[in-house]
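Asks: If you look up Swiss-Prot, you'll see 1-43 marked as signal peptide. Look at Swiss-Prot and you will find Cys45-Cys112, Cys185-Cys192 tagged as disulfide bond. Residues or ranges marked as active site, nucleophile by Swiss-Prot on the basis of similarity to another entry: Ser123. What Swiss-Prot lists as active site is Asp189, and the listing cites similarity to another entry. Look at Swiss-Prot and you will find His207 tagged as active site, proton donor/acceptor.
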Amino acid sequence: MNDLLTRRLLTMGAAAAMLAAVLLLTPITVPAGYPGAVAPATAACPDAEVVFARGRFEPPGIGTVGNAFVSALRSKVNKNVGVYAVKYPADNQIDVGANDMSAHIQSMANSCPNTRLVPGGYSLGAAVTDVVLAVPTQMWGFTNPLPPGSDEHIAAVALFGNGSQWVGPITNFSPAYNDRTIELCHGDDPVCHPADPNTWEANWPQHLAGAYVSSGMVNQAADFVAGKLQ
C-alpha cells in the first residue's frame, strides 16, 4: 500500500478510534430547556445558517463537499442561507474544531435565536460535528459543550464520510437529533464503512470529496435539509 495513503488511513483510523472512545464513554442525554433569555433576531440574521467543518487537509473554508452542499441547499429553499466555516487546522485537532463549532452555535443561538442552524462536516469535519452534538461534558480537549436546549436552534445535521460509523450511527449517541440527521457513507469508503484493511487502498477513492459530490449524495443531503427548513 502507498506509504502516504497508509499514513492517512491510520491517522483517520486513530481519529475515529478516539472519537469512538469519547462517544462510548459519554452518557446519552437529551437536551432540555435553553437557559436564560435570548436576544431578538435582527435583520443581520439569516433565515438559516450552515455551520460546516471541512475535511482533513482541505484549505480554510468549508471545503469541496461543504461548498457543493451549501450551493445545492440554496437552490432548494426560498430562504437566506448563511454559512460559517469552522475554524480549525483540519489535521488531527478534532477538539479545536469542536470548540469553535460549539462556540459559534451558542453565539448564534443568543444573537440570532430565530436562525435555523445546520451543523455538518465531511470526513474529519464530521468527527468535529459528532463531538459537538454527542458529548455534553468537557473531555479530551473539548472544553465548550453545548448547553441544554441548544438543540432547539438546530434544524438539521448533515454528515459525510463519518468515522464514527465504526461504532454505529451518530444518532445512537445524540438521540435528540435522530429525526433531523442525515449521515451518508459513499460505497465502501474505508473511513465510514468498516472493512478489511487489505481493501483500504482500493476503496480510498470512494472517500474523496469529489466522489460524494458526483454520486449525488451531497444533493441528497441538501434535499433532506431543505425539507427540515420548510
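Every residue, even glycine, has its Cβ placed from backbone N, Cα and C.
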Asks: So which recorded positions out of Cys112, Ser123, Cys185, Asp189, Cys192 end up within 10 angstroms of His207 (active site, proton donor/acceptor), measuring C-alpha to C-alpha?
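Replies: Neighbours among recorded positions, in sequence order: Ser123, Cys185, Asp189, Cys192.
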Asks: Highest CB neighbour count within 10 A among the disulfide-bonded residues Cys45, Cys112, Cys185, Cys192?
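Replies: Max Cβ neighbours within 10 Å, all protein chains included: Cys192.
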Asks: At the Cα level, what's the spacing in Å between Cys192 (disulfide bond) and the residue listed as 'active site, nucleophile', rounded?
Replies: 8
Asks: Taking only the Cα atoms, work out how far Cys45 (disulfide bond) lies from the residue listed as 'active site, nucleophile', in Å, as a whole number.
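Replies: So the Cα of the residue listed as 'active site, nucleophile' lies 29 Å away from that of Cys45 (disulfide bond).
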Asks: Can you grab the distance from Asp189 (active site) over to Cys112 (disulfide bond)? Cα atoms, rounded to a whole Å.
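Replies: Rounded to a whole number, the Cα-Cα distance is 37 Å.
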